[in-house]
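Asker: Before I ask anything, here is the structure I am working with.
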Amino acid sequence: MEASRRRTQHGANGKDSEQGEQPAQWGRAWEVDWFSLASVIGLLCFAPFIVFYFVMACDQYQCSVSQPLLELFRGETTLLSIWARAPSFTWSAAKIYAAWVGFQVFLYMCVPDVTHKFIPGYVGGVQDGARTPAGLINKYEINGLQCWLITHALWYANAQHFHWFSPTIIFDNWIPLMWCTNILGYAVSSFAFAKAYLFPTNSEDCKFTGNIFYNYMMGIEFNPRVGKWFDFKLFFNGRPGIVAWTLINLSYMAKQQELYGHVTNSMILVNVLQAIYVLDFFWNEAWYLKTIDICHDHFGWYLGWGDCVWLPYLYTLQGLYLVYHPVQLSNAHALAVLLLGLVGYYIFRSTNHQKDLFRRTEGSCSIWGRKPAHIDCSYRSADGGVHHSKLMTSGFWGVARHLNYTGDLMGSLAYCAACGFGHVLPYFYIIYMTILLVHRCVRDEHRCGSKYGKDWKRYTDAVPYRLIPGVF
């Protein structure tokens, strides 16, 4: 866990005037190995079909993951017949989605944050991001919590008073909306790809690997922007997918009420636990500027399409499943799920809070009642500047190097367990999150090893486990 300080001036010979050794250089790799390339092409080809498959399985097979495959194997159906039964693109869905994205752009660009002025402890308004590999520090307008509050207040007002549209509107147009999200996801990814070649926001933060597939998926530009404030990475990471997450769940809840005349405790649990996660994201949006998505990922299809399509469709599978299978949990089961989710959230949030506190105070703070231990390290950015950081080895960060991911996985398991054990489909999320976060551990540590060099080795010797103390 790191806390960065101001850069140190270096001499004309390129070496730091305060230390003799060359620090490791920071940034994404320039070359692509065959395994990474194969993975990229595989995801580009199959990820859209994975999304379609899960949504189709619920629409046509009552959320059975195996039944479509069995029918195909037996010759009882064909791919063309499955495709023909799926709802197609509709202009009404296109209008709904265009209005949704346009409204979120309006809130993001035209409504400066005021909530930080009257909500104690909330950090909003104009904030500095982390230093980029080229040595730049971008400014961001943090207003995600305000956007979420306005959006949900309007949703509630419509449901209770105005009745402009049905609260089930999202579920009722779910597959037609999927085609719309794909159009936007591919459009924004392709625009960002072309923009990096033609008019990059900052050419020094662009990285061309020489492989068109890798460049398209993982991105070339670090922080593509249109104008001064429209930042692609912040907008598409936080809106429209994450703001929509809780609205999608509310639409599922409304559909369950419409179909069965009541809402199950499992649906309430999924809504509450996932809403806690979403609200935590927006409450800590300024902190999010220092995370791997903003600090280290370039903007390409991985983020552009992923935030438009993968996130809203696969992160909400539990609620979708519960529309088709209204599970009523026993009190003991519901309590166990709630405790698992809350304990996971506590570990996730407390671990990240310790990192943020350590970073903000440059180590001059108290963690678990004592001054935190740390390892001093340095790195070099692309502009030649030498910078210094501290890697904390106390608190949760002394237990494991990524215990925040452990808490995140506990919460993810709680969402799935709320659906009972009748089908595999709701458990896709924990399987995916495990793969994602383990891969992120490896990717983050490879980056940190390149960034900090021998100092990172000292850190891993001090904190030997990644996720589970004594195991991994």
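Backbone N, Cα and C atoms are what each Cβ position is placed from, and that goes for glycine too.
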Asker: Of 154-174, 217-237, 259-279, which span is tagged transmembrane segment by TrEMBL?
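Answerer: My reading of TrEMBL: the transmembrane segment range is 259-279.
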Asker: Taking 189-208, 329-348 as the choices, which stretch does TrEMBL tie to transmembrane segment?
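Answerer: Result: 329-348 is the stretch TrEMBL calls transmembrane segment.
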Asker: Identify the transmembrane segment range according to TrEMBL, selecting from 90-108, 299-317.
Answerer: 299-317
Asker: Cβ pairs under 8 Å with the transmembrane segment (412-438): which stretch of 34-55, 259-279, 299-317 has the most?
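Answerer: Most Cβ pairs under 8 Å with the transmembrane segment (412-438) come from 259-279.
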Asker: May I ask which of the stretches 259-279, 299-317, 329-348 has the most CB pairs under 8 A with the transmembrane segment (34-55)?
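Answerer: The listed stretch sharing the most Cβ pairs with the transmembrane segment (34-55) is 299-317.
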Asker: Who are the chain neighbours of the transmembrane segment (329-348) in space, where the CB to CB distance is under 8 Å and they lie at least 6 residues beyond its ends?
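Answerer: Same-chain residues near the transmembrane segment (329-348) but 6 or more away: 264-266, 269, 273, 276-277, 280, 396, 403-404, 406-415, 417-418, 420.
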